[in-house]
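Following: one structure in structure tokens, then a few remarks.
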Amino acid sequence: MAAVKRIVVLPGDHIGREVVEEAVKVLGAVEQSLSDVHFDFQYHLVGGAAIDATGSALPDEALGAAKEADAVLLGAVGGPKWQGGAVRPEQGLLKLRQELGVYANLRPCNFAADSLLELSPLRPEIARDTDIMVVRELLGGSYFGERHEDEGDGVAWDTDKYTVKEVQRIARMAGFLALQHDPPLPVWSLDKANVLASSRLWRKTVEETFQSEFPNVQLQHQLIDSAAMILVKNPRAFNGVVVTSNMFGDIISDEASVIPGSLGLLPSASLASLPDSKSAFGLYEPCHGSAPDLPAGKANPIGCILSAAMMLKLSLNMVAAGEAVEQAVQEVLDSGVRTGDLLGSSSTSEVGDAIALAVKEALRRQSAAGLS
């Protein structure tokens, strides 16, 4: 009997709907190639689409389904239509993350195919072999701290608050990921400990956690502003795992995202626990936004497709299938089937079609070699 994997699909707004469709198409190709798995896709509204239909950016029905799922696949939320309202699409995404307890946001920065090197804004000799995993704390800091809006007095403030437990668990995620390699990957912790009290607690806690629990992992600390400079000057200096707070992680991962040539390429996973059993609950979404100005058929679906690959590897205990998707993406990019952001002429669906076909062939090769 085939194992049922329940996946809640939240397309969201604008290009979110398009890229999710292609990721589901690729997952469908995986299912068609394997006899022992069935994907149960359950679609729900989130973001602006949910506001229009229900008045809420995250309807109770969608949240309830997400909590019962094995994993959640999300497209993108937001757009100018909803920015002036009392309820904003982004509120739904923040609530979803908080309610699901996904405290660790994993954002890889690497080249999905070597042929993309020429598209990097950095010189090839600088960008080549960049391979960074940014681990962003997702449920603390200024995005969730106490705040005061300007109410006519000309004053507004946010609170960047962290507890030892919050820092410990994200440090453990970074240490765990480092230990998945032999030898262990180095870990860089980014903070602003020369100015911020929260960063001093961060640095102290990360240091103590690694000393007691990950003594064989090389840990280095770097101030966030100098890290931003180094990332452009010599990104390979951070090859390994980079762990940092919510706001700093948001910024540094977006900076890193341009290195491979397009934000549309990069996936992300937000996990509620260590993926030590390859079955951690996770929320998966591309790093890009909803791009409301982009015409239909122009969006790059690869970031969402690679997010689905991460889901297979980290939440659905289907590591070989996830690797097959990654291999298919590489082959399709190398063949020249690309969207306009990568100087190609293929549509969103054409890229998805090509990757789905390549996935079937990659899984056939795995089966022939006895690897699946």
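The backbone N, Cα and C atoms fix where each Cβ goes, glycine too.
Copied over from Swiss-Prot:
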type: BINDING; residues: 79-90, 289-300; note: NAD(+) binding site
type: BINDING; residues: R97, R107, R136, D225; note: substrate binding site
type: SITE; residues: Y143; note: site 'Important for catalysis'
type: SITE; residues: K192; note: site 'Important for catalysis'
type: BINDING; residues: D225, D250, D254; note: Mg(2+) binding site
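The record assigns R97, R107, R136, D225 to the substrate binding site, and the maximum Cα to Cα distance across that set is 27 Å. Counting only same-chain residues at least 6 apart in sequence, those with a Cβ under 8 Å from the Cβ of K298 (NAD(+) binding site) are T339, G340, S347, T348.
Within the set of binding-site residues (G79, G85, G289, P292, P295), the lowest number of other Cβ atoms found within 10 Å of a Cβ is recorded at P295. Taking the Cα of R97 (substrate binding site) as the reference point, the closest of the recorded positions G79, R88, Y143, D254, P295 is Y143.
In terms of Cα spacing, the recorded positions R88, R136, K192 that come within 10 Å of D250 (Mg(2+) binding site) are R136. Separating the Cα atoms of Y143 (site 'Important for catalysis') and R107 (substrate binding site) is a whole-number distance of 18 Å. Of G85, R88, K192, P295, all annotated as recorded positions, the residue with the shortest Cα distance to R107 (substrate binding site) is K192.
Set side by side, the recorded positions R88, R97, R107, K192 differ in how many other CB atoms lie within 10 angstroms of their CB, and the most is found at R107. For the recorded positions W82, Y143, the ranking by surrounding Cβ atoms (within 10 Å, all protein chains) places W82 first. For D225 (substrate binding site), the Cβ neighbour count at a 10 Å cut-off comes to 12, with all displayed protein chains included. For the pair K192 (site 'Important for catalysis') and D225 (substrate binding site), the Cα-Cα distance reads 8 Å.
Listed in sequence order, A104, N105, L106, R107, T244, S245, N246, F248, G249, D250, S253 are the same-chain residues six or more apart from R136 (substrate binding site) with CB atoms under 8 A from its CB.
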